[in-house]
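Visitor: Taken from TrEMBL, the feature transmembrane segment covers 6-25, 32-50, 144-171, 183-205, 250-268, 288-311, 318-339, 359-380, 392-409. Residues or ranges marked as domain 'Membrane insertase YidC/Oxa/ALB C-terminal' in TrEMBL: 32-220. The domain 'Sulfatase N-terminal' annotation in TrEMBL covers 436-787.
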């Protein structure tokens, strides 16, 4: 409860303090100047608030003086209930309410949240530790400028108090003793509270007092003239414009609009797409939404109303019009430009750089200018319509948020259920005398990397002795939802054929595809183990209940089951802090003009110091948490494999997403060390060329994908060595395959046009048959839909799909062109009807031959 109150009343102010500090530090590269800048800017922003509060205090004092004679007379003349009744009657006659007395303490009350925000932020800001400024040796510690008889004497708090008292003398001149005691007492309280505080915090509050002193001198000694433009043309036009408006009831809807948009709608649009990815330890994503809503409710439903109530009537109307325009701008920037950005991690950090063509920036600026012009024209004439629009928008947004909350909770239920099937040790069993078949899917393992890895690391060939690498392999899309049905169940489940079965849901067809091989092998006497089947139940977290009723099929979740990273507790605590902080700024970024979004994003640091203050080792661990969940499974493969000295047959169907959760690793070992210097690694990774095809390494995302690919193959290779050493290699057929690649633009020769990069449709395919020897490369035309045919060859005669009774064969790839979709609509929580939604992309027909030949790709109308 206390955290909710803090997030409502103090955290909005703390975020303003933090944002200002970060921006000042980025501008001046000096944390002392940044603190001074924070003080000056914050005090200037709240100056109108304090001025209005002072005016209200003055009104209260005058009113008290006017009534003091009669109040004293009543208190002297009457007693008990009679005195109370007489005072109440007199106050009512004077249109005065007893709680108006709080106005005299308004300035002090306003200081409390600002003090708490500054105290909590600056006193715990690790970035100040060891930083000197002027005569201050360490902004992270008390100044201890003098040492007297072994005791440190802090000068800054004393100087702050002296300045505060001088300011109070000027401010309280001609005021009552009560007012003077209040001001001087507060100065003493701050001295006690801040005497042993970090000097950075005391510097901030000292600057506040200097600002207050200058303000009081200025206000007392100089007679302000009215605004220069009061009687000017601009002022008259504004007055004429605002007099037409009746927006008292609209402003609350505007504030609710911004609260829902920034507090809930924007973060939910990300979280509800894959809620389980935002789980850290035992904490689900609900905590992120609750905190975000509280903070933005604090901004728009607490602090904005406070400012609004202290405004004059004319200013209130101007404020409501400006806020209406901001509401429209915010929604336009959020909804209209989401397509421009990349996939985002559980830390609200993008997986790729946010670099956009210049025309998008100019188009956004032009559109916003046009919208502002039209709104100003419409609002003045159609204020009732404008009010209706904002109200309807709030209702629609609330409905969308409720829907996304429902989706999030359903996903979390699925996640919780999947955790009940978490794998333990020895889940994989292979026999020495029986037949073993392994289908190992590596999500997003890019097949075009293999030649470069073979050239770089010759031991890979020895590890994968008996394997054949098929570089000329095609996938049917660039996302898991489009590609895995065919990978696990053959050509009957290509996107084209799945769409032909338009009376059945995509969920049912995905579940069916994931069961084809396990059921066939089970019916033919094989013990079957399935791990992490992608989109089982059409949820992000596999619903293993699809295998219920098949007694010979065991299903497990391996993701995160073996992640015992030593700094795990640090990852959880630091990850939660970074995640929650970034979420607040992500909402702010998304409503901004596109030109400012990258500035606010700040390479994932946003307007926060958290990313800079954690150690590089901990930051790397936090950012790579999903990578570790999968990579540790590959590391553990020998440990979770049991070798049986019998003749039982075994079929293992595994999925692992290490290659999907790309990460910058050490060079040249490609190990996930805690102290990797990412910038140095990227510089060390040079472009590579084989047979005239160059692989670019100039971008971090390309480097990360290649390194993760190399690390994954190395760990699987170690497992191959384990199988050899335990005499179960020759009697095991192994298929290592990926569902798709990724369009990273690393190969110029693979870019057919602006929308088609063959790297995205070039999956890895490695096949080792029983008793095979040597490492081979075959240019035979293949697709990842060949996997079931290869896996079942000579084990099941004329294999038939147990659900459709159709023959499982690969003859289609020879008889007709394959259809490939370029759609990026990968989200199964939205793309989940009866047919695939591919409206954002195109379809291509690929002629059997060389998949890298642009002439073999034909755009379908």
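Just so you know, glycine gets a Cβ as well, placed from its N, Cα and C.
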Visitor: Verify whether three or more Cβ pairs under 8 angstroms connect the transmembrane segment (392-409) with the transmembrane segment (359-380), leaving out any pair fewer than 6 apart in sequence.
Guide: no
Visitor: For the transmembrane segment (250-268), give me same-chain residues lying six or more residues beyond its boundaries with a C-beta closer than 8 angstroms to one of its C-beta atoms, as numbers and ranges.
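Guide: Same-chain residues near the transmembrane segment (250-268) but 6 or more away: 288-289, 292-297, 299-301, 304-305, 308, 316, 319-320, 323-324, 326-327, 330-331, 334, 383, 386-387, 390-391, 393-394, 397-398, 400-401, 404-405, 408, 583, 586-588, 590-591.
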Visitor: What else in the chain is close to the transmembrane segment (32-50), if you only count residues 6 or more beyond its ends and a Cβ gap under 8 Å?
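Guide: For the transmembrane segment (32-50), the nonlocal Cβ contacts are 16-17, 20-22, 24-25, 107, 110, 114, 122, 131, 133-134, 136, 139, 200, 203-205, 207-208, 211-212, 215, 306-307, 310.
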Visitor: Is the count of Cβ pairs under 8 Å between the transmembrane segment (6-25) and the transmembrane segment (288-311), pairs 6 or more apart in sequence, 3 or more?
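Guide: Contact criterion met.
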Visitor: Residues of the same chain, at least six outside the transmembrane segment (288-311), with any C-beta under 8 angstroms of its C-beta?
Guide: 3-4, 7-13, 15, 48-49, 52-53, 56, 251, 255-256, 258-259, 262-264, 267-268, 271, 278, 319, 405, 408, 579-580, 583-584, 587
Visitor: The domain 'Sulfatase N-terminal' (436-787): mean pLDDT?
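Guide: A mean pLDDT of 90 is what the predicted model shows over the domain 'Sulfatase N-terminal' (436-787).
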